[in-house]
Structure formats: C-alpha cells, structure tokens
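Sequence annotations record features per position, and here TrEMBL assigns transmembrane segment to 39-57, 77-101, 113-137, 149-170, 182-211, 538-557, 569-593, 656-677, 709-732, 738-756, 768-788, 794-810 (among others).
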C-alpha cells in the first residue's frame, strides 16, 4: 500500500512565517474592540492641536529664536540631517507598508491607509481653515527664510499616525525602533527646517488623533485583556477556573469572559478596567444628549461599578430566588487595580446556544421568563440589558444573568423597555405568537400594552438590535407589536418617541449653521457693497420684484397639472406662496403636510397628493437639467472660473465661499456613500422604491392627458425662466447685464448646491453659488453680491412673510 507523504510547506509560506515571527506579533489575531479611551484620545489630541495652532500666531518670536539655534545645520552635516529626516518620516511609512504586505496582514494594511488618510485630511483641513501657517505674523514669516511654515507638518502627522496604529501588531524590537524614529524625525525636522517647533508638536497631536480615530472605526487589538491575565486575576480572588474564553458578545464597556469552576458550574467574569469607566461616561453623555428618558447607570469609579453589579445581583436574587446568577467573588485586583466580578450559573444553555443547537423551548420556560420580570417589577428592579446571551434556559426554567446595567429605581419607561427586550429576545428563538401569548398570560394585558410602543430598535439594548440585524429579523418587531395588540385587544400603537435629537435633526442643524455662515458672509458683503446698493436703479429693482412673483403662478400651474381632479387655480397659487413660510419654519414635512391636507379638502386621495408632489419636484429638476444642458454651450465662453484664483483682492472672500461650498459638497458625498451601505440600500428598497412605483403609476395616468404633461413641465419652465429674468433685471439695476444662457447656468449652479445641502431652502448656500457664478461671468464682486441680494430679497427673504398671511388665509377659508 502506497503511503502518502505529508505535504511540504512551500518556500513562500516558510518565508512569510519567518518574516512574521521577526517583525510581527500575535496581537493582530486578537478580537478587536472599540474603547472609550480612544474617544478621550481623539478629544484631547484635537484640543491640543487647536491650542498649538493658537500658539503659532502668538509665539512667533520664540519660535524664531528656537529655530535659529538649530537651523540651518552646519554644511558638513546637511546631508546627514536630510537623510535622517527622510528615513524617519517617508522611510517609516514605506517600512510599515512593506511589513504589512510581506506579512500578508490585510487588516494592518487597511488600518495604515485609513490612518494616513485621516492624518493628511486633518493636516490639510486645518491648513485650509486656519491658513497654511496658522496666521503666523507676516513679519516673523519673512525672517524664517527656508523653514517650512506649514502647521501641522502633513508627512510627519501621517508617519506618527501609522506608527501608533501599527505598534500593537509589531514585535517588541521593531516597536522600540519606530518609537525612536518618531523622536529622531521631530528633532531632525527641526534642524532640517521641515517645520517650526510648535508645528512639529502639532503633527504629533494630529497623528495621535488619527490613530485613535482608526481604532474607533475598526476597533483596537489591545481592547481586551488576555486569557492569561484573566486567569491571574481569578487566582488573586482565590478562584481556580478552567476553559476560560472570551464571551461571544462583547459590548461597549467592561470586558466579559466565560469559564468553568472545579465543580463544573459556569462562571461569568466581568472585568472593569479604565476603559470600562470611560466608556460608561461617554455612553451616559450620548444618552443625555440624544435620548428623552435616560435611565442608564453611571458610576464615577471602577470600584463603584463593581459594587453596583454586586448589589443589583443580590437584589435580583432576593426578588426572584433561584432564577438569577449569584455572586461568587469580586474585588479590585492586579497592578492596574481592575475591578472583577465573578458570578455563577447552575447550568443550562443560553438562548444563543439553544438557537444554534435547534433545541425546543417549552411553554413553561417561556412563561418563567416573564414571571421573573413580574417579580422584578414588583420590586422596581430593571435588568436593563436583556439579550440572547443573558437569558439561560435550564429545563423549564429561565435564568437571568449579568446585572451590571440594572437599576433598583427603574422608571416606567425603563420597565417597559425591559419587557420589550425580553419579548424580542425570546421571539428570536420561539417566534412572535408564542412569546406574545406567554407575556400576556404572565404580565397581564395592561403591562404588555404599555410595552408595545417600545418594540423598536432604538429602545432595545445595542446587542439585541445587532442580533436582529445580523439575523435579518427586523420585521419581527412589527410582528410582535401586531400579535401583542391582537391579544391585548387594542390597535397597533404608534412607536414611542425616544430620541431627544435625531440624526436627521443633527444634519439639518449642521446644514443650517453652514447655510447661516454663508448667508452671514453674503450680508457682510452686502454691507461692504452698501454704496453699490445706494446707486441702484430703482426702476429695475421694482421690475425684479414684480417678475419674481410670476414664479408662483408657474409652479402652481405645474402642481395643477400633476393631478387629474378639478381644483381651483388661485388657491393653489396661494398654497405655493404659503409653502415659503412652512418650508423655512418647519421644513419639508410641513410643506408635505399642508399639501396633503389641501388636496384632501379637494377630494384628492392621499397617495395621489404625495406622488404629485414627488412628480412636480422631479419635473423641476428635469427642467433645470434640460435648460442647463441647452445653455452651457452658449455660456461656456463667458465663464472663466480660473480668473477667480488669480484675484488677490478677494482671496479671503473666495476662501469663505470655497470652505462653505466644500462643506456642503462633503455632506452630499457622505449621503451618496451612505447609499452604498447595505442598511441604507435596504431602506431605499423599503421606502423609496414603492414611492417611485407610485409616481410612475401616477405619471402613466397623466400621460394620456397631454394637457396635463404640458402644464407640469410648462409651469416649471416658466418658473425657472422667471427666476433667470429676475436675476437679469437685478443686474440691470446696477448697470450690468448677462445673456439668458449665462443666467440659467448661474442659477443652476446655485440650485444644485442648495439642493444637495441639508439647509432648509438652501439659504446661504444658493447665494454663495450664484455669487461665484456671476464673478466667473466677469461681474465685479460688489455688483455680484448686490445683484444676488436683490434677486433673493424678492424670491427668498421676503416671500415667507407673505407666506404666513397666505397660510392664515388658507386656514380661514378652510382650504387646509
């Protein structure tokens, strides 16, 4: 019989293993985890960077004195200093990339590229906002001939970021070499003239911030203590344990482990390090800002965290004896004085294991879970973090564990969340119907009815929400609400409003600040152009005011064409005018609500009212895009954007415009990138695609009535042309004029920037884009600002005042 020879390792594999053993450590294979300490590092390093940036402009003389000591180097040593600077900055980057490539560690390579990108973005972004030299006095800058005045130094920031990100993955010897290289890079950079002293220190801060940011994005390989360290901690508490392993579900805060005692009982180990303390602080801060009812735990010290978990575990055991974990040991151990809590479970399987093994859960076991919660609620105890890993099934009995986030003074909101989390956890294993029936049977109809509005992802523990996403079971919450409502005998309730500030509102707030900043800049320019405004031709100003109002008749015509019902024309004109107030005060939802209410009063179906609005908006952008494409060949010869960069007199104004527009474009890019994320793609499929089909169906009905199609697109064409003519009349008021194609291109530039910005009505952003376009068309800056102000005065600033009166008229006449 022929024996098979064992396969010999390939030469390349042996070389890779040998390379890894010399230059790389095993940390890269550890579980990654986001740490609260990295949030602290980002905040501190950014504050240090800002502080050093302020020092640059106020300590020019001191920096010059220090630079004069070191720079320029002795001619005989110039080559050595240059070599050291290149090796310790550029060479460090090349070395780390090579180590990641030859070691075949893709995760390290990803971290390196991310760190370099963040560091360079931070460095160049700081220079863009505060100036390349951070407003270093010109008199000092002229005396520092040959020294790079940039703050911070981008290449050094990138080097520092890459070293700090790569350190946990590298062997101890290479770590020491790279740490020394950073020190040499700073010192040689000072002698080489690659940066001012404060600029080099600022580069260290920028690199530190970038590295901490990467660890927040992808997790840190040193975020969890080693198994050996946990074994030592348990031995200090007098516990002999085997089979020590990381818990499957790691959350933000304390580190969790599983082990076996000598008698075979399951041990759950919770370790509170410095990171757990800071993570809890930042979690509390987040909840205070974003959530309406914050019932989370907050402890100032690790000792308090240990005491809290021990106390709540004992309270829970007293409220429901034999159905919770029990304290085995606790204390502060080790050189870092970490807090350790060890609890014991009698046995059984967690819901995670039950689901993985395909085991059945009896009705009595399901009922026992809600019986425990009933006992807890009579004592005011809230578990606070129920999930599949913290519910154990032993025969016909459920057992709860991990009370580190529990409360003994739970509010009604927290009690409802607990019931919702228990229902969701059990439903993931046994289904919505069995879970809802057991909950109603044990807790009663009133308790379950109060909990139904909290069956939503934001109200659940983070780990439970993650389980729903990973198992693609987000529809389970809807099934639970419907099943529970049916058993209780009530209508499916509206979801509870949990967020004090939503991300949508945050984006709108940021966008409003950006728009306000740009708008203030416009008004400042208007103040500087006061003499230009004073000499305006008031006949043409009046013409501008009159022409601008025709746009509302055009948009009303388009709205009228988007529905098949017979609706009076004049009230629609008033509705369009009232939307200028509704949109500015309350945003797009208010405009949509007023539109739906108006058409409902006219006997139009709600679905038709919504789809007609989308259809009108689509027609608007089609008309704008068509006019732009038609106009651009005629206008291209009149637009000279490169001339803007050659004007030294308006550099500061140009910078304000550039920064504002870049911020807006960045937000637009973030939104576009967000659509590439699977979660957002599913949202598009669930929310937008059905709306799209409604609009298409609506359009198919209208297409059989050519007059309606003419009204939709003709009305929008009138509105857009009127806006261009109003801008042209405004230019005539100051003795300038442009052709209609150029005016349309300028308007489109402003509309696009205003459309992609999250600013209500595009306020400030539209003005910045229009001014930029007019200046590119050769209009002097003062006249461009004045003309845009006059045109927007009658198309954006004053109409909301008339819009309020229009809204009151519609309400008085019972149109809405």
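Including glycine, each Cβ sits where the backbone N, Cα and C put it.
Where the annotation comes from TrEMBL, it is an automatic prediction and has not been curated.
Here the transmembrane segment (538-557) lies next to the transmembrane segment (794-810) in space: the count of CB pairs under 8 Å, restricted to residues six or more apart, reaches at least 3. Sequence-distant contacts of the transmembrane segment (794-810) (same chain, six or more residues past either end, CB-CB distance under 8 Å): 544-545, 548-549, 551, 571, 574-575, 577-582, 584-585, 594, 598, 723, 726, 761, 763, 766, 816. Here the transmembrane segment (709-732) lies next to the transmembrane segment (768-788) in space: the count of CB pairs under 8 Å, restricted to residues six or more apart, reaches at least 3.
No contact links the transmembrane segment (738-756) to the transmembrane segment (182-211), because fewer than 3 Cβ pairs that are 6 or more residues apart lie under 8 A. Contact between the transmembrane segment (182-211) and the transmembrane segment (149-170) is present: at least three CB pairs lie under 8 Å, with pairs separated by 6 or more positions in sequence. Ranked by Cβ pairs under 8 Å to the transmembrane segment (39-57), the stretches 77-101, 149-170, 768-788 are led by 149-170.
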